[in-house]
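To start, the structure itself, in C-alpha cells.
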C-alpha cells in the first residue's frame, strides 16, 4: 500500500517537487479538470456566465519577505494538531472553467511563485486516501500477490483503480500515511510530510496567512472563528488548539495551515486565488500555448482536436486499459442512487462476514488438528512462551515449537477441572485449573481461537468422564487466582522440608516454611500431592525413566496418579532408615511387575536397565543378558528362571554395606549424614580419632547443624554469605577483569587530559576526547576477550587443568554476555 500511495502521489504532485527537472505540461494535462479551477465568488462569473476574463492578483514586494518571527510553533506539533482527524469523507465536486484565453501576453511572468510551490501544491495531500486500489479485468488478470509493481499491467491496473477511487475531502484532515510514513532521507526514512512542508515554507520566507490574503485582494480576517465558520461550529477544538500554538495571535498564522483550515469540502478562497493566478500566468505567458494562433504551430483543426482530448484518451493511448473501463471524466465517478449504493454495501458486508466466518472456522479446525497455538503465561516476572496444545483422550500435552513435551496433564476421574475465561481485554485469556497441579494460563490472539479450544476441551473432558465448571473473571482477577509454577515450587519446598523433618527427626522450626506463611499455608503444603513429573523432577530424573515409573507405581497405593504426603513418607522412611532387608524387599516389590511374588529374568534385566539409565551408561542387550547370566551363575541360580525375595536378597549379599548407606536423594534438600539414624539400633560409642596429615583437598566434610534463625535480617546476611561462598571464583575473575578495563580507561583519560596538550585536541573537545579515548581503550580490551569466551575446545582443555580451581570455566557463556553488555553500554557513552 505504501508503494501504491507513493506512486499515486508522484503522479499527482511529482511534477512540482524540486527533486529534478519536471514537465509542467504533464501536470496541466493531469489536473486540467481538477478542483483548482473552482471560482468561489459569484462576481467572478463562475455561476453567472459561462466564460469570463479573470484578472490575476498583483503581488507586492512585501509578500515575499520573511515573517522574522522566532517563536513559530513546531511543525510536527502543528501537523498533529491541525491535520489530524477522522478521514474517509468523500470529496465534493466543484467543476468550473479556467477562463477565456484572449491571447499571448509577452510581459506576463509565467514562473512558479513561492506560494504555489511551497504551499498550494501541498493542498493535494488532504485529498490522498489511506490506500490506493488496483482494478483488474475479470478472468484475465488476477490480483497480484506481490505488493510491488513488477509488470506494466500492474501500472495499468493502478491507474484504472485511481480513476474509480473517491478522493478524500478537501479539508484540514490528512491521512496518517502522509503525516507519519512519508519517505524521508536516509537518516530518517519515515517522516511527516506536512511538517517538512511547513519547514520548507519558513525557509522560503513565505508570508503569513493574513498578509497573503491581503496581497491577493481577499477580505481581511480578524478572528480565528472567521477562518472557517463552519469548522468553528462543528469542531471548534481544532481552531482553539491551533490558536494556542500561535499564542492566540492570528497575524502569525502561516500560509499552509491557514489555507487548510479554511477549506471545508473545497479549496477555500486563498488557495483558489493562488492556483487560479498561477495557471492563468502559465497559460497567458506561454508563447507556445496551443491556443495561441500567432505562433503558427497549430492549425484550427489541431487546436480543436487538442481541446477535445481528455485524460481518458491519454490513458487509453499509452496503456492497455479498455476504454469502457474508464469513465469519460476520470476525475469524477458515476452518479448513483444512495439507496442502491447502501443496499449493495449491506449485501457485500453480509457476504464478507459470512465468508470470513467460514474461513476462520476452517483455519481453526486445521490449527486444532496440528495443535492449538497460544502463549503460556508463567507469572508476572517470567516471560511468556509460545506453546502448542494437543488434546488427546485422557491427557493434555503441552509442547513447544520444536515439539518437545513441556508438560503432560493427566485427565483421570473423579477430578474436577475448572475453566475460567477472561471477560475483558478482548476476551483472549483462558485459565485451566487442574487439581493437585499448577494452573495453565493461555493467551490467544483472537477470541475465536480461544473459543475453538474451549469447545474441543469440553469434548475431551466429557470423553474422559471428568466434570468441569466454567465462569468468567476479569483478566486481572484471573491472573491473581492462577497458581503459577513458581508458587507450586514454593509449596513443594515446604512439602519436602516437613517430610524430611519427620524422617530425620529434625526440629520443625528448622524445617522452614514459605516466606510470611501461616499454619494454613503449611497445612495446605502438607495436603498437596505430587504428580509423576514433579516426583521425577525432585529426584533429578526423567519422568519416563523406568526407575521413576516403578517407584511411583509402588508408592501410589490408591492409584490416583499422585503421591500424597503419607505415601511419599512411607517409601522415604525405608530408603533413609530402613535395614538392608527392608530396602531389598522394597526393590523386589518395585520390579515385581506382575505382582506374583517372583522376579523373572526379564524383570531382573529391566531392573538393571533402569539402574543403567540412572547412571547414564549404555549396555547392549547381549551384554546385559551376559551380566545377568553371570550373576545367576555366581549365586548358584543358573537353573532358575524366577527368584523369590530370599533368592534376590541372597544375590545382594556382597552389597550389604551399599544397601545400608543407600538413600533417596531429593533435589534442593540437604540430608545430613547422620550414621546413627541409618540403623534401627543406635550406638553412642565414639570411635578413636586418628589425625592424618594430607596435602590433598578434603572431598568430604562433616555437616554441622545450625539453629534456624527466623529474623529477616539474619536470613539476608546468611543469603549474602552463601552467595559470596558459592560464587567466590566468579567474583574474583570479574573483579580482575573490570580492574584491568578500568586501568586502561584511566591511563588513556590521564594521557589526553594532561599529557596531550601539544596536539591541540584538548583545547576543542577536552571532556569528549577524554571519555571517548578512555572508553575506546576499554572496549578494545573487551572485544578481544569476548572471543576467548566462545573458544569451546580451549575451555574444555583448561577445565581439566589446575586453573579450574581458580577460574569458573563453566560460566563462560554468562561472562560472554556480561562483557558484551558492558561493551554496548560503553559504546553508547563513547
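Note: Cβ is positioned from N, Cα and C throughout, glycine not excepted.
Unlike curated records, TrEMBL annotations are generated automatically.
Annotated domain 'EF-hand' per TrEMBL: 543-578 (among others), in sequence order.
Under the heading domain 'EF-hand', TrEMBL lists 579-614 (among others). The domain 'EF-hand' (579-614) scores a mean pLDDT of 71 in the predicted structure.
Annotation comment: TrEMBL describes 1-21 as signal peptide.
When Cβ-Cβ distances below 8 Å are used as the criterion, the transmembrane segment (731-754) is approached by residues 724, 761-762, 766, 769-771, 773-778, 781-782, 785, 806-808, 815, 818-819, 822 of the same chain, each at least six residues removed from its ends. The transmembrane segment feature in TrEMBL is assigned to 731-754 (among others).
As annotated by TrEMBL, transmembrane segment applies to 774-795 (among others). Remote same-chain residues near the transmembrane segment (774-795) are listed as 737, 740-742, 744-749, 752, 809, 812-813, 815-816, 819-820, 822-823, 826-827, 829-830 (criterion: CB distance under 8 Å, separation of at least six residues from the stretch ends).
Residue counts of the domain 'EF-hand' (579-614) by helix, strand and coil are 25 helix, 2 strand, 9 coil (DSSP-based).
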